[in-house]
Amino acid sequence: MGGETERTRRVACAEPFAVDIQPACLGLYCGKTLLFKNGSTEIYGECGVCPRGQRTNAQKYCQPCTESPELYDWLYLGFMAMLPLVLHWFFIEWYSGKKSSSALFQHITALFECSMAAIITLLVSDPVGVLYIRSCRVLMLSDWYTMLYNPSPDYVTTVHCTHEAVYPLYTIVFIYYAFCLVFMMLLRPLLVKKIACGLGKSDRFKSIYAALYFFPILTVLQAVGGGLLYYAFPYIILVLSLVTLAVYMSASEIENCYDLLVRKKRLIVLFSHWLLHAYGIISISRVDKLEQDLPLLALVPTPALFYLFTAKFTEPSRILSEGANGH
């Protein structure tokens, strides 16, 4: 009797201090999904993966992505959208030949394909039917690689919490590439067959074949290095645009302003690189302080002017002729 009375007393004393302790939500990206809401009452499920279009907050609850993309996010999407277009133009120019009159039409068609793909991608993204998207803000590099942060509480069982924490910046690029490929396969073969009269039969479709190679490469690049590209793309744009401009001007034997102005194509290439320079500068500065960042755009013509002023010392035409002769 005495032992039973003592045990009853202990339980009675412990009851006022009893609390409902739920297991901790482990993992950087695991969260609890809202199951029911009625007024101020909210019921959440067990800790696990958040549904698509949601990410965890600081309290480990899955919250819908309702923010608008920042300027930097749009610039990143613009960079990923430009990649297939620039590659299209490069291979069209590479395989069209100097005497072919079809290059211009193929350039325009490639621009139309990528533009339509971008518009349709925005229309099918959430919210459907409008040309804007809702997103979750990118906080750190690990947001792009949630599959690497699935927790193992007992070091045996893995709790899978992989989801798109940067919704929709990761998957929207794949959707865009898919539409680009579909439009290319629908439009480009018919156009090339009709107007590419200056090319041989084996050369007509080489720019299309090239796209069938670089689209899978771009897809893998986004899948593996999407987060790295997100932080590095402004510097990639600046470096590549500077290198390609220098290579083009030296290969075209441009040594003064007259050589640059003698052909319209050279001016188009120059202005295109200037746009890329400006794009990279804006992406780096993010235009946080407009009055301080806009003067940086005055640096856009600097690389071309530096090349023209120093070309007489390097003589690229002599270097090219010596290289062709094997010296």
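Here the Cβ of each residue, glycine as well, is placed from N, Cα and C on the backbone.
Copied from TrEMBL, the annotated features are:
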type: TRANSMEM; residues: 74-92; note: transmembrane segment
type: TRANSMEM; residues: 104-124; note: transmembrane segment
type: TRANSMEM; residues: 167-187; note: transmembrane segment
type: TRANSMEM; residues: 208-229; note: transmembrane segment
type: TRANSMEM; residues: 235-254; note: transmembrane segment
type: TRANSMEM; residues: 266-282; note: transmembrane segment
type: TRANSMEM; residues: 294-311; note: transmembrane segment
Contact set, same chain, for the transmembrane segment (266-282): CB under 8 Å, 6 or more residues outside the stretch: 75, 78-79, 234-235, 237-238, 240-242, 244-245, 248, 252, 254, 259-260, 293, 296-297, 299-301, 303-304
Residues of the parent chain within Cβ reach of the transmembrane segment (74-92), under 8 Å, 6 or more residues beyond its termini: 103, 106-107, 110-111, 113-114, 118, 169, 172-173, 176-177, 180, 184, 206-207, 210-211, 214-215, 218, 222, 229-230, 233-234, 237, 279, 282-283
Stretch with greatest number of CB pairs under 8 Å, the transmembrane segment (235-254) reference, 167-187, 208-229, 294-311 candidates: 294-311
Surrounding residues of the transmembrane segment (167-187) on its own chain - C-beta under 8 Å, 6+ positions past either end: 52-55, 65, 69, 73, 76-77, 80-81, 84, 88, 109-110, 112-114, 116-118, 120-121, 124-126, 133, 135-136, 138, 144, 208, 211, 215, 218-219, 222-223, 226, 230
